[in-house]
Structures are given as structure tokens and as C-alpha cells.
Amino acid sequence: MADSSLSRSTTVGEDQQALELTDTDSSVTKDRAFSSIDLGKLLHKIDLRFLPVLSVLYLLSFLCRGTIGNAKTFGLSKNLHLTDKEYALALTVFFFSYALFDVPANMILKKLRPSIWLPSVMVATSIVMTLTGIVQSGGGLIAARFFLGLVEAGLFPGVTYCISCWYCRNEAHMAGAFAGLLAYGLHYMDGVGGLEGWRWIMIIEGLLTFVVAVPSYFLVQDYPHTAKFLTAEERAFVEYRLRHDGEKAHSGAEMPETSEEIDAENDAADTKPRLSYLKDILLDYRIYLHIVIFWGIACPLYSISLFLPTIILNLGYTSAKANLLTHVYWHLIVAYFSDKFQKRAIFVLVSCCIMIVGFIIAAAAPVSMPSLSYAGVFIAASGVYPGFPGMVAWCSNNLLGYKRVLGVGMQVGVGSFGGAMAMNFYRPQDAPQYVLGHCINIMFVSLAMIAIGILYWDYSCENRIRDRLTDEDIAKMGKTEEELRALGEKSPYFRYLM
């Protein structure tokens, strides 16, 4: 989400004499080639053409994967005669196919273009989702969930990567989803056409996804350099500021004079063999720390989104209220301030602390006080929803080029196994308090907090080392400006976002 107060007011003025790059504003401004561009107006133009359609696709994607939890409270298990093991397997199998296809999906995205790949993912999702509404057995449900994970794997990492191709690091923070409200309304169709309410939840959500996916072929934007709604100078400026996003000002910087020179610089950026990027990702210990953080937030996220309706129902609330109470809105506020102050770690850490407090309250609440148990789960959810997009954004912000494509895919892919684990946290025999599930979530969140601390310290140390480098030190490396920038996040000019 672009920050309206920090970046929008910036105008590229004629009085600027050189490249302006600071730790508090990574936006690139330039006095000659881009003197006529108003950065605020440009970002608003991009917002209107780029964000709405991706936001809707992402919301529908998360709705489709999480709606099974709502459907269960409206009779899915009863109608299909599911055993507890079959239901748990139906939840778990989604994440295995989802996790295995994340990295290949992002590689396909680079080949096909976002405007082709992302809508196609959602069309396939809509078909699988609609067909889920007519399954007649536990085996059919398990198969449908497997294929749902397979087709849906390309959406979330793809959207994350696309946002990084348009917005600088202080302007990108994604939102969550709202499955509960729609499920609440659709359950009233119980009996219509001879179908149970839970089937209509699946069918209508699948059809809704299809209705949105088809026009998105014409609405999803590819990359700045191909955007027809931007002028030639605007395209060059967006590409240039993204190219230098995260860099520290240095006196030896060579500034291109025209959009043609900038385009040439961009074309020469990613000349490294693709297999080398894959090797870099697999050997990068920071990626694995980000995966631990992903697990620490994904486990509570999926266990809450898929089991919260059942947990709340067991506490004595009605099915309708169980779905209405799954709403958490305030993560939008967290996203705004995370972008405004250009901080990720502290906001993710605070989210983890909120989760810990919530799960402790839920686990310690006596059976005689179900409202206290619900309050704990609600507090935990208040930490989960803003923490998840911030955690993904943090990893993406600190990778560049094709390594970002693979890195985000690997983080989301391997991290999604946390969802598979989370499907087994809340066992039926632990109802209604689910102490074991709450305690396991506390453990994973605690591991995430440790990983956050390690990464923050590591990024800080690396930034300080690079801050001490002089132009003479950089010159001794024996590399040209182009070669130094081709190093990506390992360039001496790059500063990690913390």
C-alpha cells in the first residue's frame, strides 16, 4: 500500500542538483531527466490502475482456501459423513500441493507475464472451487482440496512479486482477506435448489471468483516499462527509482541523462544465469530465517482462519456469529504505519507479541469462562492478520532481481508447510479449550520472534559495515557501477530494510 504522507507529497523539482537517496526516503529523484514529474500524482495513477484488481484477486484467493472452515460449521462434515481424520487430511493436502508449486509458479510468471498468468490462476481456482460444491464423499473433498492448492499456488507469491516491480520498499504492504462475512450471507441459501448451505458457499464463491477473473485479463498490469497508461518519461522514472531503491547515496554515482540511457541500464541488470540465482537462494541462510518467521505466523493464521468458526461454535456461539466474529480490520492501520516509517521487523515483532498474549489467555481460560477464551483467540487474530503481510514484505524488500522471484516463491512455498502442520493443532478431543493447539502456536510464534531478532541484528551489522565503506574502498573492488549493481542486495550501495 503506497504511503500517502511520506511519498505522495514529493515533487521532482528543478532546484535538485543530484541524486537524492536517504535512509528515510528511498524514492529516487532527479533534476534533469524527470523535472516535470510529480511523484505523488504518478503514484496515485499507479495505485488506481494497479492495486484494486490485484487486491480483489488476492482477497478471493484467500477466501477460497479458507472457506472450508466456515462450510464445516454449516454441515459439510455431517453431509459428507467425514471422519475427523478425513477432514484433517482435506485441510492438510491443500498445503502440500500449494507448497510444491510456489517456486515453479513464480518462474512461469516471469515467462508468461502477470496479465496472463494471474488471471489464469484465478480462473482455474474458480473452476475447482465451484466443483468442490458438488463433491459427494470425503475422497472427493480431499481431491478437490489437493487441486485447489495446486492451482492457487501461483497467486500469492505472484502478487507479492508484482507489487515489488512497481513500488519502492516504503510503499508496499499487502492486506488480508474477509471470508467470514460472505459465508455468513450464503449459508441462508440452505435448501435452495436442493443443495445444502455449505455447497452454496463453495459454488457462489467459485462463480464470483470466475466473474472477477475473466475481466482481470484486461485489467492486470504487467511491468512499468510496458504500461501504456504511463508516459515514456514516467515509465523510465518508475524503472529508475526501482533500480536504485534501497541504495545509499554515493559520490561516484553515474546518473543517466535520458530515458533511453535508463532503459539500457535496466536491460543490462539481470545477466546472471538463472541456475546461479537458484543456488544463491538455497545457500542463503537469511531465507531460512524468513521461513521460520513465516511458520511462526502461518501456523496461527491457518489454524485460526480454518478452525476459529469451529472453536467459537464449541464455546457456545451460533454458526452465524462464529463467522461474523472472524473479522479483523485493524491490520490496515498497521500496514499504513509500517510503510510510513519504513520498518518491518518492529511491526512483525509487535504482532508476534500480541499473538503470544492472545494464545496465553485462550489456553489459560477456564471452561466456565468461554468469553475469556474467545477474547484470547480474538487478540491472537489481531496479531496474525497484520503480521502476515508485513513478514512477506520484509523478505521481498531485501531481495532484488530474479533472486526476488525465487526467494519469495521459496519463502511462501516452504513456509506454507506451516499451514499443513497447523491443520493438526486443534484436535476434536481437545475441545472446547484446545489448550494443546494454543500452546503449539505459542511455540511457533516464539521461534519466529527469535528469528526476527537474529535477522534484525544481522541486517543492522551488514548495513553498518557498508556505511563505513568509502568511495576508495568501493573502487578497490575493481568492478564497474553496472557490475556492482548487478550484485543485487549484496551490492555495497544497497541497504537492508529493517
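Cβ atoms here come from the backbone N, Cα and C positions, even for glycine.
Copied from TrEMBL, the annotated features are:
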TRANSMEM  50-68  transmembrane segment
TRANSMEM  88-109  transmembrane segment
TRANSMEM  116-136  transmembrane segment
TRANSMEM  142-163  transmembrane segment
TRANSMEM  172-188  transmembrane segment
TRANSMEM  200-220  transmembrane segment
TRANSMEM  287-308  transmembrane segment
TRANSMEM  320-338  transmembrane segment
TRANSMEM  345-365  transmembrane segment
TRANSMEM  371-393  transmembrane segment
TRANSMEM  405-423  transmembrane segment
TRANSMEM  435-457  transmembrane segment
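Between the transmembrane segment (88-109) and the stretches 142-163, 200-220, 371-393, 405-423, the greatest number of Cβ pairs separated by less than 8 Å involves 142-163. Between the transmembrane segment (50-68) and the stretches 116-136, 142-163, 345-365, the greatest number of Cβ pairs separated by less than 8 Å involves 142-163. For the transmembrane segment (287-308), the neighbouring stretch richest in Cβ pairs under 8 Å, chosen from 345-365, 371-393, 405-423, is 405-423. With Cβ pairs under 8 Å as the measure, the transmembrane segment (200-220) is packed most heavily against 116-136, out of 116-136, 142-163, 371-393, 435-457. A Cβ distance under 8 Å defines the sequence-distant neighbours of the transmembrane segment (142-163), meaning residues of its chain 6+ beyond its ends; these are 54, 57-58, 61-62, 64-65, 68, 86, 89-91, 93-102, 105-106, 108-109, 114, 117-118, 121-122, 124-125, 128-129, 131-132, 135, 172, 174, 392-393, 396, 404-405, 408-409, 411-413.
The largest share of C-beta pairs under 8 angstroms with the transmembrane segment (371-393) comes from 345-365, of the ranges 116-136, 345-365, 435-457. Most Cβ pairs under 8 A with the transmembrane segment (345-365) among the ranges 116-136, 405-423, 435-457 are made by 435-457.
Sequence-distant contacts of the transmembrane segment (116-136) (same chain, at least 6 residues past either end, Cβ-Cβ under 8 Å): 54, 57, 60-61, 64, 80, 105, 108-109, 143-145, 147-148, 151-152, 154-155, 158-159, 162, 195, 199-203, 205-210, 212-214, 216-217, 220.
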